[in-house]
2 protein chains.
Amino acid sequence: MAQAIGYMDSGVGGLTVVKETLKQLPYETVYFFGDQGRLPYGPRSATEVSQFAGQIGQYLLDKDIKMFVIACNTATYAALDDLRAMLPIPVIGVISPGARAATKVTRNHKIGLIATDGTIKSQAYEKSILAKDGRNEVFSVACQSFVTLVEDNEYTTEKAREIVKASLKDFDGTGIDTLILGCTHFPLLKPFIQEAVGPDVTLVDPAVETANMVTTMLDYFELTNATSKKELADQYFTSGDSKRFEAIANDWLPQNDIQAIHVPITDLETK
Amino acid sequence: MAQAIGYMDSGVGGLTVVKETLKQLPYETVYFFGDQGRLPYGPRSATEVSQFAGQIGQYLLDKDIKMFVIACNTATYAALDDLRAMLPIPVIGVISPGARAATKVTRNHKIGLIATDGTIKSQAYEKSILAKDGRNEVFSVACQSFVTLVEDNEYTTEKAREIVKASLKDFDGTGIDTLILGCTHFPLLKPFIQEAVGPDVTLVDPAVETANMVTTMLDYFELTNATSKKELADQYFTSGDSKRFEAIANDWLPQNDIQAIHVPITDLETK
């Protein structure tokens, strides 16, 4: 179908989900919205985050998307139920895919989780993981500062390496064999995270399983674009600075000519 | 939720899907129906197969299932759309999961397919695979006799080995790097199939991706049993001979004490 899939994140982190989806679905058009003008979401209330996500969902729905992916863990726990009730299209979050992936990977049932303050406090991952297998144990560490490292384009610096190392010390002695990157910004810090926890811990990036879920749901709802070509151009929107968005998007995605469209917050507030 | 997932097949083949699902979802109850009294489905008309599948769907719905898995390729192409329209619960088939899995696995875009006469004629796999990537080519060989080998519990015999070898000669020279086992009976013949096509061809068992889809859809529709224990006993039904069913089920599944319940065809025909 000649309709795009909509994605949202508080910033650029959700591009990790877009990247995985583009690998599986090269003919599906991406409309991505990064809410960098109101970043970070982690410390905000669930009510406020749900309101922001609803505005973005409506903004993209007005552009005729066929599915909406909340490519942000904080917004998933805060807004998934609300957006499902509000939007007349399938809405997918990243938490249940992340929980599914971790449950498949772990062998000793000790699962680590790093995420923003809001996601950790919500216990959404714990609930989903324990529902799948009551033998699982979840060890959580909030890593709010990682989001800023990525948004400031500092994710390959020595400073980032030190912060990651210090933050993940909290997992020493837990015996985890699996670590969920429970914020879509974190895969950009993957090399430092793997170094900090050691090679025996399997990192789970929910983006991969979310891409699987997008593909599955397109099939289930018969929404796959079957024309073997991309019928509409991808579009990237940000409520923040478009140059800043483009720098990271062009570094992280296979394309290198992404031009982001700036959308003022006042435009969202009328949605 | 204390409700079972329903599965159906023309015979025992669908147990390959049950086996994969039990690995991922040990707390979900299985109600499985093997229509051995009317086997094989492959040579029958789509209309008739859809009618049979509808009767079984209704039979299991009366036992309060929360999801219905058509664990049979022939019945998927013939009945998936009809059963989705008919049943008030999510209905999942095996063809789109198989097509998804093959599309992810292939590197040279040459995909082989073995299936029953009906599935091959329907071109359902071709359509689904080409929709995902127009560069793919599909090479199909009908292997109706494989079903009988499995149902007659002859799938480990030298006779089976010879028949498999002779049938798969048709792939010589095609250059396929991936082969879809497009009938749920065929995974029981996997060792002979792999031997016949050689170690460089990756066998794709749609059962694995179907189990992923079941897990995903339970999450999406919030139907997962979150109690960390199986609340209802599994039940296995057959319209054929229950002893024959039990022999294969107890060999193939991890359990060894399955007792199948015989359901006369006349009971189905009133559904």
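The backbone N, Cα and C atoms fix where each Cβ goes, glycine too.
Those TrEMBL annotations? Automatic predictions, nothing curated.
Lifted from TrEMBL, the feature list:
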| type | residues | note |
| --- | --- | --- |
| ACT_SITE | B:CYS72 | active site, proton donor/acceptor |
| ACT_SITE | B:CYS183 | active site, proton donor/acceptor |
| BINDING | B:ASP9, B:SER10, B:TYR41, B:GLY42, B:ASN73, B:THR74, B:THR184, B:HIS185 | substrate binding site |
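Structure with TrEMBL features highlighted.
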residue	record	Cβ neighbours (10 Å)
B:ASP9	substrate binding site	31
B:SER10	substrate binding site	33
B:TYR41	substrate binding site	27
B:GLY42	substrate binding site	26
B:CYS72	active site, proton donor/acceptor	32
B:ASN73	substrate binding site	35
B:THR74	substrate binding site	33
B:CYS183	active site, proton donor/acceptor	33
B:THR184	substrate binding site	33
B:HIS185	substrate binding site	29
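Excluding B:ASP9, B:SER10, B:TYR41, B:GLY42, B:ASN73, B:THR74, B:THR184, B:HIS185, which define the substrate site, the same chain contributes B:GLY11, B:GLY13, B:GLY14, B:PRO40, B:CYS72, B:ALA75, B:THR116, B:THR119, B:VAL147, B:CYS183 within 8 Å (Cβ to the Cβ centroid), listed in sequence order. DSSP gives B:CYS72 (active site, proton donor/acceptor) a coil state; it is part of no helix or strand.
When the alpha carbons of B:THR74 (substrate binding site) and B:CYS183 (active site, proton donor/acceptor) are compared, the span between them is 8 angstrom. Here the Cα atom of B:ASP9 (substrate binding site) is found 5 Å from that of B:CYS72 (active site, proton donor/acceptor).
Among B:ASP9, B:SER10, B:TYR41, B:GLY42, B:ASN73, B:THR74, B:THR184, B:HIS185, the residues given in the record as binding substrate, the maximal Cα to Cα distance rounds to 12 Å. For the recorded site, B:SER10 (substrate binding site), the DSSP three-state label reads coil. Under the DSSP three-state reduction, B:CYS183 (active site, proton donor/acceptor) is assigned to coil, being neither helix nor strand.
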